[in-house]
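Enquirer: Okay, handing you the structure first.
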């Protein structure tokens with residue numbers, strides 16, 4: 001009877017849930033959802049297990065293409081806005097120094113403390129998202145970002161401004177962690193590449209556009225209007241996000257659905273994930289989010305070396321926000337607005353890299369197909385090799401052509417290879433870390449994010465000292481030598497990566513897990529053949545294998561995307577915190593029906 005009802009449910013078209021109701025009521029249900037034959041008997045001992053129903057109108061994977069892409073652009077803009085706010089502040093730096101009689105190093109803290117706040121994202125907001133959902137987190141943190149920006153515009157002294165900038169960065173870091181999770185909630189891995197690419201470019205475009213906007217606004221209206229504009233911008237994004245972003249996190253949606261069904265029917269309903277994996281407690285969430293990234297960072301050479309490489313590149317980007325004013329404003333006499341235009345060279349390199357990345361995604365898709373969806377992680381590295389070579393070329397070129405005796409266009413063009421290589425290195429290495437650590441990818445990404453945020457905060461602090469003591473040529477050469485020292489890393493991991501991963505504890509466990517998934521895939525294909533010959537006989541083992549395979553393939557997205565990764569709860573979403581066993585049986589219980 002239950003099978004008949006299920007077949008009938010599959011044929012029926014569920015009632016749609018209006019967008020406004022999805023935004024305001026995450027637990028909204030339809031008659032089809034209420035009457036669906038969930039497994040269980042509805043008692044405390046054997047509750048109904050709530051899962052997605054066929055063609056579920058509330059499943060983010062079933063959103064229309066228009067809705068998916070609208071949400072993608074909203075979260076990408078939300079991410080870009082935060083990154084832009086981090087650097088636009090520099091446009092009013094001269095006026096801030098004059099008004100508060102502050103040294104250049106103190107002024108630079110306004111950037112450093114904001115970027116330091118980015119380290120909060122994966123440690124605090126990721127577990128909060130896990131517990132309370134993505135929508136509520138966006139609403140609260142972006143409102144706080146807007147408020148702190150507005151407060152900064154009215155700061156009576158330098159200390160207040162710096163404190164408000166730090167809190168703005170801390171709360172603003174939420175989209176950097178959770179926006180990718182929203183995209184992963186809506187798109188299967190095979191369709192996620194372009195969406196993740198759009199999201200991934202935001203953290204690079206924002207810092208480059210910031211000095212351009214902040215520079216012109218600062219010199220025409222003053223630094224307080226720079227902060228005021230940032231408050232208005234973030235406020236508009238907050239309003240748009242509050243209107244267009246429904247809750248997309250499946251565990252939270254199904255948990256709220258279970259609560260609603262229990263209230264409506266008087267029976268006991270529970271989310272399948274909460275029953276099979278155990279409801280995640282606040283202590284568990286924060287313990288994993290706060291501790292495991294550090295364990296992976298200091299015990300896994302792969303994570304430490306590649307994260308350090310990416311942190312150096314990221315720190316160099318933020319170093320330029322202090323270096324370019326010295327090179328172009330002090331030595332060439334440019335105004336802050338015109339000086340901000342110097343970043344257009346970096347911008348051009350970033351855009352060129354995104355084109356190359358899209359082409360490389362096609363290459364990787366072919367390679368992945370040859371390996372039946374299980375391409376070695378090292379196949380992610382070819383573009384990192386190209387980008388790794390481009391970065392020192394651009395930095396050395398810039399270092400020795402940035403003097404006023406050489407035409408300004410030469411040094412600006414020289415910054416393009418840096419922007420080009422930066423994006424290729426970031427996207428490629430992020431994908432490599434995700435594929436190499438699958439079930440631990442979220443913690444790896446968290447470690448990577450924290451380390452690069454620390455470098456991004458630290459590099460601007462010593463930049464002016466370095467340029468004063470060494471001069472603009474040798475000071476610009478130091479990050480070039482650092483980048484040059486890191487050039488061999490992608491080569492070495494491309495050649496020896498497989499052997500290195502087997503010798504690393506967590507990478508080895510992830511590799512063993514992938515081998516089991518490959519076996520599960522083979523078992524599934526064999527069971528499909530048996531079913532086609534013998535009829536639709538239920539096979540629990542093949543079902544579990546399929547569910548596990550779906551989950552891990554969902555995790556192996558590329559920004560396809562920097563993708564992130566296997567992560568948090570194990571839904572295969574790299575932006576969620578890891579709380580899963582490497583055992584196949586354990587993972588198979590948290591099946592794809594929760595998505």
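Residue numbering: from 1, along the chain as shown.
Glycine residues also receive a Cβ, built from the backbone N, Cα and C atoms like all the rest.
On a predicted model such as this, the values are computed, not experimentally measured, just so you know.
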Enquirer: Of 15-35, 36-56, 225-245, which range does Swiss-Prot call transmembrane segment?
Expert: 225-245
Enquirer: According to Swiss-Prot, which stretch among 262-282, 409-429 corresponds to the feature transmembrane segment?
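Expert: It is 409-429 that Swiss-Prot annotates as transmembrane segment.
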Enquirer: Out of 197-217, 512-532, which range is noted as transmembrane segment by Swiss-Prot?
Expert: 197-217
Enquirer: For the record in Swiss-Prot, which of the ranges 381-401, 549-569 is the transmembrane segment one?
Expert: 381-401
Enquirer: Might you confirm whether the transmembrane segment (381-401) is in contact with the transmembrane segment (225-245), defined here as three or more C-beta pairs under 8 A between residues 6 or more apart in sequence?
Expert: no
Enquirer: Can you tell me which parts of the same chain pack against the transmembrane segment (301-321), counting only residues 6+ beyond its ends and a CB-CB cutoff under 8 A?
Expert: 87, 90, 111, 115, 204, 207, 211, 343, 346, 391, 395, 415, 418, 421-422, 425-426, 429-430, 432-433, 436-437, 444, 447-448, 451-460, 463, 479, 482-483, 486, 489, 493, 497, 500-501, 504, 507
Enquirer: Tell me, please, if the transmembrane segment (381-401) and the transmembrane segment (478-498) are in contact, taking contact as 3+ Cβ pairs under 8 Å between residues separated by 6 or more positions?
Expert: yes
Enquirer: Mind pulling out the one from 69-89, 106-126, 136-156, 197-217, 409-429 with the most Cβ pairs under 8 angstroms to the transmembrane segment (442-462)?
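Expert: Comparing 69-89, 106-126, 136-156, 197-217, 409-429: 106-126 has the most Cβ pairs near the transmembrane segment (442-462).
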Enquirer: For residue 62 (N-linked glycosylation site), which residues of its chain lie six or more apart in sequence with Cβ-Cβ distance below 8 Å?
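Expert: In sequence order, the residues whose Cβ lies under 8 Å from that of residue 62 (N-linked glycosylation site) (at least 6 apart) are 55, 56.
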Enquirer: Is it true that the transmembrane segment (136-156) and the transmembrane segment (69-89) have 3 or more Cβ pairs under 8 Å, skipping pairs fewer than 6 apart in sequence?
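Expert: Yes, since the transmembrane segment (136-156) and the transmembrane segment (69-89) share at least 3 Cβ pairs closer than 8 Å, they count as touching.
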